[in-house]
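Engineer: What TrEMBL lists as substrate binding site is C:ARG94, C:ASN148. The site 'Increases basicity of active site Tyr' annotation in TrEMBL covers C:GLU110. The Mn(2+) binding site annotation in TrEMBL covers C:CYS170, C:HIS200. Under the heading domain 'Glycosyl hydrolase family 4 C-terminal', TrEMBL lists C:195-410.
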Protein chains: 4
Amino acid sequence: MALKLVIIGGGSSYTPEIIEGIIKRHQHFPVKEIVLVDIEEGEEKVRITSELAKRMIKHADVPIELSYTKDRAKALKHADFVTVQIRVGGLKARALDERIPLSHGLIGQETNGAGGIFKALRTIPVMLDIARDIKEICPEAWLINFTNPAGIVTEALLKHGAHQKVIGVCNIPYNMKNSIAEIFDVNVNRVMIEFAGLNHFVFGQKVWIDGVDRTEETIDHLLNDTIDYSPSNIAMLPWNRQFLRSLRMLPNPYHQYYYQYEDVLAKDIEAYKNKGTRAEAVMEVEKQLFEKYKDADIHEKPKELEERGGAYYSESACSLMNSLYHHSMDIQTVNTLNKGSIPDLPHDAVIEVNSVITKSGPIPLTVGKLPDSISGAVISMKKFEQLVIEAAVTGDDNMLYSAMIMNPLISSDHKAQSVMNEMLEAHKRYLPQFFEEANVHDETK
Amino acid sequence: MALKLVIIGGGSSYTPEIIEGIIKRHQHFPVKEIVLVDIEEGEEKVRITSELAKRMIKHADVPIELSYTKDRAKALKHADFVTVQIRVGGLKARALDERIPLSHGLIGQETNGAGGIFKALRTIPVMLDIARDIKEICPEAWLINFTNPAGIVTEALLKHGAHQKVIGVCNIPYNMKNSIAEIFDVNVNRVMIEFAGLNHFVFGQKVWIDGVDRTEETIDHLLNDTIDYSPSNIAMLPWNRQFLRSLRMLPNPYHQYYYQYEDVLAKDIEAYKNKGTRAEAVMEVEKQLFEKYKDADIHEKPKELEERGGAYYSESACSLMNSLYHHSMDIQTVNTLNKGSIPDLPHDAVIEVNSVITKSGPIPLTVGKLPDSISGAVISMKKFEQLVIEAAVTGDDNMLYSAMIMNPLISSDHKAQSVMNEMLEAHKRYLPQFFEEANVHDETK
Amino acid sequence: MALKLVIIGGGSSYTPEIIEGIIKRHQHFPVKEIVLVDIEEGEEKVRITSELAKRMIKHADVPIELSYTKDRAKALKHADFVTVQIRVGGLKARALDERIPLSHGLIGQETNGAGGIFKALRTIPVMLDIARDIKEICPEAWLINFTNPAGIVTEALLKHGAHQKVIGVCNIPYNMKNSIAEIFDVNVNRVMIEFAGLNHFVFGQKVWIDGVDRTEETIDHLLNDTIDYSPSNIAMLPWNRQFLRSLRMLPNPYHQYYYQYEDVLAKDIEAYKNKGTRAEAVMEVEKQLFEKYKDADIHEKPKELEERGGAYYSESACSLMNSLYHHSMDIQTVNTLNKGSIPDLPHDAVIEVNSVITKSGPIPLTVGKLPDSISGAVISMKKFEQLVIEAAVTGDDNMLYSAMIMNPLISSDHKAQSVMNEMLEAHKRYLPQFFEEANVHDETK
Amino acid sequence: MALKLVIIGGGSSYTPEIIEGIIKRHQHFPVKEIVLVDIEEGEEKVRITSELAKRMIKHADVPIELSYTKDRAKALKHADFVTVQIRVGGLKARALDERIPLSHGLIGQETNGAGGIFKALRTIPVMLDIARDIKEICPEAWLINFTNPAGIVTEALLKHGAHQKVIGVCNIPYNMKNSIAEIFDVNVNRVMIEFAGLNHFVFGQKVWIDGVDRTEETIDHLLNDTIDYSPSNIAMLPWNRQFLRSLRMLPNPYHQYYYQYEDVLAKDIEAYKNKGTRAEAVMEVEKQLFEKYKDADIHEKPKELEERGGAYYSESACSLMNSLYHHSMDIQTVNTLNKGSIPDLPHDAVIEVNSVITKSGPIPLTVGKLPDSISGAVISMKKFEQLVIEAAVTGDDNMLYSAMIMNPLISSDHKAQSVMNEMLEAHKRYLPQFFEEANVHDETK
């Protein structure tokens, strides 16, 4: 059987990674056609990534046809898998997501706090459009979402979308497993972490090597060594020792926004005032990456791509598509419906969870009740996410305000309102649901 | 039938209010004997309050015998009701609860944040001792607790105490009803508020006047007028209008610590640096009150007592005891076991809830699921409270740290540890469970 | 204020009881207008009951206007309270509900088993029609339902009906309280029973006299004496002693259908074969009652009415309407939404529960988790009820079959089908939802 | 690594099957030592099975040492796996479990109804003894239980046992998969059934072939063909067509006791009166089997063994042990803790569920909420099971009575008592917890 893959947001700088993943698996995962899709604003970028991708395919000598288009509907015809990696509003919008909160003395970050909320508000309507198209044009296709905030976006799709064959992926679980593998000096396939929680708010509850529980040793490692398992977009501060001792679980890199709030805020405000926020650094990285991508002598994914925070996102996606296709019944960590896996959370909540990957989709493994030390925070975060989704779908500003005031990174009733108002205005073009306009666009990461 | 009332912490400046409540109800609530109990350090104060109380009784010409003692066990013999209003470590300990967090840039308050945690840690072991005595000496007596943090202390008693006839009271619900009565210009008995949540974290979900739902009008009042329904120990800042519009419920005065965090913190740090914290103001108020109490010409509760934040505490307690005695089946707002009233919370959690008062104790009315805008915060707060209780009972510092880091008023892993360590040291004498010593004492408020 | 009461099914033989209740309360519950409503088939009966009612009013010399009509919409204008006591298909349909199951060797009873299912299927569509009318014509009116199966019908109204001001009443809780009052020789107002469960499947979990727990003594009474607290339509067999000893709760009379299945079945089959079923006995009783009602010398509710099983139904309804009107805040046992009162059951399930009666409706008291010995049966019964409701609303015969097979009184897959088919056919005229016809009628009890 | 396997109840006629399973897997599952354990009464049988087993091993030419002993403690030294297949009271007790209920007109069956209850009461104390020994002597060993009622016994072990490495197995899920494989004419490894429920009360909710949902087709097959997927100990009656149409799931063979109650009862009473119950048939089969086993020319598992109902029990056990040893991460259907997999059931309930088999034990896959048509029955059955366990552990006859009256196969309060009393007396020797004696013995199946 010949498979067709559609990459929405094909002009993303991550595209070479996914192409590499497809090439690498070619023998067993028979993709014969890849179409990169992007919008007007991303056309130059998608032209560049498609040229590079073609060189990679040619160099690898594999029988894959690759093209790019702005016509999403046309691209979707006969698709088997659709990956989505869009950034509505582009890096400029991300810069606003970071700068506006910081200017009010709040954390300004792409997927957490006020920035994460507005990224979700811009993204969800576009994703629902894409889901509608897929349902109509290629209803058997799997939609693999790695657009952030991946957990919120995936839940929005599963709750409000036309298409139910949707799975969210994130590179954090993979990165954490990789770090554990390094600690124990074993191959990553021998590592299993029981994840408990939500995308970007997930804890590593148990660590097994070859099925043997090694959690205590792992925590001791974290207590004694300086192990950095954060992706490159998050410079991890060292954890307080009592924090780890009392937690007895692995925090993920994004937890520092919550549990090291003041230190991170101070550092980010410093950066914002002096050298610029992460969006601005990424713009620079991307500029250089695309320069590289243009180089006709390059036939492989440039090593520099790993400096972007999203490394392994595409690896996770390719591995997932492969298992779906082959009904591999292996265990992967995905964003999917809870279904009781964590009984503290609603059944229809999307969680980040180890799941058996079957041809009919992921079946989550049971995690069980969350420990007392984290359950309040995780439950509360999920309630927040659900208010964000409702606000994104309804355009109700009271609901949005409720979401803002519930977020632990926004601590004041007045500030919540001023930041909300300023961000609604700044992103107006991409938030028709709040302004009753209708010119939303999806753009590449 | 002749009733006996024992007031533990009888040297508290609030004692005249409860004496007034008993005198007022004398015809129908036949208390014939009152014993004030206090410890060594409180002897002078209890001597003064007992003298005043005797003058009040004589002036009212009611047949009540009143005495005071340091011998708790003797006092408890044949008791029908035991009220507890102690302050372990006295106002000096309160000052530390306020000053240490503030010195680290955190909210320092008696019942919330780090201060509230340590007040609970000091109080719970003493309360469990009292409960043991009651169970042994007067097992039919009701223990009415108004020692703060009242919700946490009551849950600790019900979970770990020997005696199960325990009810917690707070003046906040009564104050809120009073304010609503003023808004609508009706007698307070015609007002019913459906409370939803926990002591000091309770929301007024519905407002009825004579059984008719007037919630929307009440919110509109709050949006348009400046209505202050906070007790005198909390200077209430005006609420943000969108906060109230999105909430559509009544916040309680303590909510400002959470939803107006930065403003309150700034104000409190200012006070801490210049004029002193609330504990120091209270010391001054108490000094003047006790001067007054000594005045042999005073035969009634001095008006100045109302300046203390706890006004109506004793009123609530007297009203509750009266209904328990008479099996009145009226509805009062108390701290008692959830039993499913709020299904989001555990059945054995103590909540602040409207309850039918029977001779066999309070039966909570169902509240139903919490609204999305608050459920995360309330669930999370209860989980925090339960960790505090476990830490108080076990003396486990990892559990204590978990409680600290979960508290929304303590936002940093490192700060949590330094504040924790400093407070453990400062209150060492009253925290034998953490230091394996055994010299805990109860003192008056 | 002058109140208007509409009695749907006014030709019911119970009407004199409700008239008596209204007359008795006249001083404080100012009903000025009563309209009896009935359908074509019930005209003769409603003419007789209205004549008797007029004589009763005249005799009592109270200023109430009473009339009867077949025009429901007209009657509902300006109504404050609407009671509904209909019997769709009349006693003839009841006889089929009893005879068909019995002919297959199954329990044939009006509100339980196959008979109860079919009574619900016939009644629910008519009740939804009535609710629609009320919502449109007198949206402020309370609908007080005593049509059986009262719990199922009330839940159907609250889940699928246009009108939400609906409360279900049953005489069983009142009867049980009466029997307890007799045991302890006290006034019934001093008795409170904590009911736990569903209409006709409710247990008396706690018994209080004047607020003091007397449950154990009550059980001992039941163990030692022969106390019959069943209504006259159910001849109660003696309970097995170990049954009561292990239960430590009060069963209700209908429980014998489940826990004394074989004995009851044997007795009922005997009756069915020889002297006729209950429906036939009731036809005889009714005939005599109406003879009596016609007697122009009768000005009061005839004593013989108490021989019908429904005695006190109207008493419960009058007492409830009075408390709703006066916002009495007293506690009555009604069928209303669970809201967490029994956490084992869904929040939107209707349960039979002690509730505070306010002007805005009943607020259930918390009951707490059901004991292990009954929780499975109660949960299962509620699931069954919900399938019956879904079947009644959708006309889906697979759903109906699922309900039948789940019912503990129907123990065989084949029999379930043959009884179902026979009853669908027998009641075809009243089950348009299963046959896509539309000629449903409401008739009097 | 060399593994040691201990088979408790080694004199069971099933032993040759497990020996065959070990021999077959020898290359990859390196068992080097097998010890058969049995009690005094089983000595002759275990001598015979051990002789046959030795011949089988020799014939297969594999390096396994096999012995038998009555000294359980000695056998357990260094054990890696312990399988338990005991029958407390032997087939004589089984005959009583069948005959006493049947003599009262109730279903008499080994694992359901009154018979199943008493088998559990006899077995649980012995199993708890075994678990204590394992915890002390070989704490790293896995206890694989196939003693019936397997779900109840496994839950008793996990709730009250000293040893937590316990997994229950049953052959029914395997048999059902086998039948599906036959229907679709595919290898059984390509079949996956989502099981939902409890041991002997499990439903096949979804059927996948190669990961593709084929549930509807499977139901259609069952509707149209006569497919018998029952084990040989249960002669399956044809299902009613509407039963399957409304269920849309696969019932298991034991469901006929509940949903075809009358027909099965009639058939069993007929057998009981004429040709004897299943126990008596099994005695005959066993007699012949052991004759065969003695035959020194037999070196393989005799084909006749498959006529016993437990075929594939040992296959399931061997397959499970192999996956535990190799950390295979494959999916097997076992009896293990729910952990939220079926949110309708308690977390600490044992359910029959697809689980990923790791070296640290099974991790259940999420099943999700049960369909309305079965949830009541399954919840109720689990409550029943839990009462049986409590009764077995406490010896409380009120709890036992509660369990009996809850069981859908025992429909009368009086009959429950007389059957209970008669069975308590009949099995007195094996029920010391109810009689305060202490001479319990484990015997072979």
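Using the three backbone atoms N, Cα and C, a Cβ is placed for every residue, glycine included.
Map these features onto the structure and tell me what's around them.
Structural biologist: With a 10 A radius on its CB, C:ARG94 (substrate binding site) counts 25 other CB atoms from all the protein chains.
Following the DSSP three-state reduction, the secondary structure of C:GLU110 (site 'Increases basicity of active site Tyr') is coil.
Around C:CYS170 (Mn(2+) binding site), taking its Cβ as the centre, 28 other Cβ atoms fall within 10 Å, counting all chains.
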Engineer: Under DSSP, is C:ASN148 (substrate binding site) helix, strand or coil?
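Structural biologist: DSSP assigns C:ASN148 (substrate binding site) to coil.
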Engineer: Suppose we draw a 10 Å sphere around the Cβ of C:HIS200 (Mn(2+) binding site). How many other Cβ atoms does it contain, all chains included?
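Structural biologist: The Cβ of C:HIS200 (Mn(2+) binding site) has 24 Cβ neighbours within 10 Å.
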Engineer: Measuring Cα to Cα, how many Å separate C:ASN148 (substrate binding site) from C:GLU110 (site 'Increases basicity of active site Tyr')?
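Structural biologist: Here the two Cα atoms lie 8 Å apart.
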Engineer: Closest to C:GLU110 (site 'Increases basicity of active site Tyr'): which of the binding-site residues C:ARG94, C:CYS170, C:HIS200, going by Cα position?
Structural biologist: C:ARG94
Engineer: Once the DSSP letters are reduced so that anything not helix or strand counts as coil, what is C:HIS200 (Mn(2+) binding site)?
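Structural biologist: In three-state terms, C:HIS200 (Mn(2+) binding site) counts as coil.
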Engineer: To the nearest whole angstrom, what is the C-alpha distance linking C:ARG94 (substrate binding site) and C:HIS200 (Mn(2+) binding site)?
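Structural biologist: C:HIS200 (Mn(2+) binding site) has its Cα 17 Å from the Cα of C:ARG94 (substrate binding site).
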Engineer: Please give me the CB contact count at 10 A for C:ASN148 (substrate binding site), counting all chains in the structure.
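Structural biologist: Other Cβ atoms found within 10 Å: 25.
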Engineer: Over the domain 'Glycosyl hydrolase family 4 C-terminal' (C:195-410), what is the model's average pLDDT?
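Structural biologist: 91, rounded to a whole number.
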